[in-house]
Amino acid sequence: MNTPVIGVLALQGDVREHLIALAAADAVAREVRRPEELAEVDGLVIPGGESTTISKLAHLFGMMEPLRARVRGGMPVYGTCAGMIMLADKILDPRSGQETIGGIDMIVRRNAFGRQNESFEATVDVKGVGGDPVEGVFIRAPWVESVGAEAEVLAEHGGHIVAVRQGNALATSFHPELTGDHRVHGLFVDMVRANRTPESL
């Protein structure tokens, strides 16, 4: 049985919606708040919320270093909105004391779309997701200013990069979990499934 166990970092943000989307994409989904829970999952989703708050809570719960270690070790990880910011190697406009987990060689701008439009929906063509374009919900969303050579741009909107993949790390500016379209989560579940060693099956 090749059903991956995927955690959702449950420190802040729309955790429940991600749990539902992952289950719909044929994964076993569970909340992760502590290092011992992180150790038990095959992959992790970092949900939207407020990136500064997530950073502070990750430190408070003793999660920041275990998260960095697992991501460096190749654990598949998917970040949406604030989660995208957490996976960036660099933030263009960080708040004081704000730290990231890193994992994707990209520079992000926090709340970039929010300056123009607090929240909106838009269709986005995402590389690797078949069929119709994905309906993306952007809520005070970041965008990616630039990516390094190792990072692959999967989608753009309005001339800005909104989805990126580097190895086992995936990030989107938008919230696919809020639309009922679970294809982006399906892409991530496939990434997790492909990463699992035969011994772990």
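Going from the start of the chain as shown, residues are counted 1 onward.
Backbone N, Cα and C define each Cβ position, glycine as well.
Annotation comment: Swiss-Prot describes G49, E50, S51, R110, I139, R140 as L-glutamine binding site. According to DSSP, S51 (L-glutamine binding site) sits within a helical segment.
For C81, the entry in Swiss-Prot reads active site, nucleophile. Using a 10 Å radius centred on the Cβ of C81 (active site, nucleophile) and all shown protein chains, the other Cβ atoms total 28.
Per Swiss-Prot, the feature active site, charge relay system maps to H175 (among others); the stated evidence is sequence analysis. Cβ neighbours of H175 (active site, charge relay system) (same chain, under 8 Å, six or more residues apart in sequence): D14, E17, G48, T80, C81, G136, V137, F138, I139. According to DSSP, H175 (active site, charge relay system) sits within a strand segment.
Neighbours of E177 (active site, charge relay system), defined as other CB atoms within 10 A of its CB across all chains, total 27. If you look up Swiss-Prot, you'll see E177 (among others) marked as active site, charge relay system.
I139 (L-glutamine binding site) falls within a strand when secondary structure is assigned with DSSP.
Sparsest Cβ environment among the binding-site residues R110, R140 (other Cβ atoms counted within 10 Å): R140. There are 18 other CB atoms within 10 A of the CB of E50 (L-glutamine binding site), with all protein chains counted.
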